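Novice: Annotation comment: TrEMBL describes Lys214 as ATP binding site. Residues annotated as domain 'SH3' in TrEMBL: 2-62. According to TrEMBL, the feature domain 'SH2' maps to 68-165. What TrEMBL records for 186-388 is domain 'Protein kinase'.
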Amino acid sequence: FSEDDMVVAQYDFQPTNETDLPFKKGDRLKVLQGNGEWWVAKSLVTGQEGYIPSTFVARANALEMERWFFKDLGRRDTERLLLAPGNKVGSFLIRESETTKGAFSLSIRDSSPESGDVVKHYKIRTLDRGGYYISPSSNFSSLQELVNYYSKSAGGLCQRLGSPCKSVTPQCPWAQDEWEIPRETLKMVKKLGAGQFGEVWMGYYKNHQKVAIKTLKAGTMEPEAFLQEANLMKKLQHERLVRLHAVVTEEPIFIITEYMANGSLLDFLKTEDGKRLKLPKLIDMSAQIAEGMAYIERKNYIHRDLRAANILVSETLLCKIADFGLARIIESEYTAHEGAKFPIKWTAPESINYGTFSIKSDVWSFGVLLTEIVTYGRTPYPAGDEQT
């Protein structure tokens with residue numbers, strides 16, 4: 001069979017289903033059917049066949065095996081990754097060029113007293129007769145040779161190449177048909193927070209997969225209405241939205257989502273790490289939230305409760321929008337009657353006065369969220385706390 005069908009495991013995989021194929025980092029596998037998040041493969045180590053998560057393997061060509069090669073990463077995500085905690089000045093990666101087909105880019109984390117840590121990008125050009133160069137004076141027969149050379153001397157680059165950019169173990173994709181799940185499959189481990197309508201826990205699904213579990217107090221919403229909305233929410237899939245994995249539909253209702261290591265943006269901005277973030281990073285986080293909201297708008301959906309408490313932060317400081325659409329199905333407690341904790345400071349005037357919500361009222365809330373970000377989590381309109 002062709003080399004194209006061969007992949008090599010980049011991480012260990014411990015299955016939760018009998019139809020999945022277990023493997024260890026470094027195992028070689030033959031792909032029998034490859035599309036979507038789950039592929040069918042045969043282990044060349046054990047001879048077994050089963051489903052594998054496509055994000056855990058790489059094609060067995062020499063380039064994709066290199067720790068510094070990030071094939072499909074765009075320029076902005078490259079900068080986000082290289083500037084994330086765990087990388088330092090000199091950390092680097094090589095990726096396929098977004099603008100020139102067949103060419104590559106080298107991205108290096110650099111630092112200067114004026115602008116702090118930044119990422120510099122260099123175009124790697126190809127020679128007609130094969131080979132690569134950044135500067136015409138130094139040609140290399142392979143990218144590995146190029147990396148080797150610039151690891152020993154900067155040779156005109158901003159930095160000598162240090163360690164390859166750290167990659168995060170991807171979250172395992174969710175099993176395709178596990179949507180309404182039994183409560184017994186979940187193990188609650190650590191309470192992360194509590195709010196007006198329930199609690200949020202870190203836990204495990206089938207003892208293996210780390211997840212966030214949102215519990216809703218009995219009576220918060222009708223199970224039928226919840227399931228109807230959850231089926232809509234499930235279809236909203238974007239890298240800037242927290243992924244909804246599964247639900248427990250009997251009361252108390254549970255919502256199972258991907259786990260985000262740094263918790264809510266509101267809490268994170270108040271930590272020591274959060275307070276150290278400089279304005280360019282705060283603007284980038286705002287832009288990530290805008291990307292997610294633009295997707296929600298394209299899907300003709302409305303968030304209705306956009307604020308820093310409902311944005312979650314990953315270990316590499318990427319932001320994802322959570323709790324989209326939940327506000328609509330929470331029972332009448334959520335309307336602006338007396339005694340209800342209504343997020344009035346984030347809510348557009350027409351929504352307060354007439355109860356009408358639209359993407360325009362989400363834009364209002366986004367503006368208030370920007371003030372939360374640049375003040376590192378301060379409550380909006382602090383002078384008005386006595387008034388409702």
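Using the three backbone atoms N, Cα and C, a Cβ is placed for every residue, glycine included.
Keep in mind the model is a prediction, meaning the values are calculated, not measured.
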Novice: Excluding near sequence neighbours, so keeping only residues 6 or more apart in the same chain, what lies with its CB under 8 A of Lys214 (ATP binding site)?
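Specialist: Gly198, Glu199, Val200, Trp201, Phe254, Ile255, Ile256, Thr257 - these are the non-local Cβ neighbours of Lys214 (ATP binding site), listed in sequence order.
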Novice: Under a three-state reading of DSSP, tell me whether the residue listed as 'ATP binding site' is helix, strand or coil.
Specialist: strand
Novice: I'd like the per-state residue tally for the domain 'SH2' (68-165) from DSSP, helix first, then strand, then coil.
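Specialist: Taking each residue of the domain 'SH2' (68-165) in turn, the totals are 18 helix, 31 strand, 49 coil.
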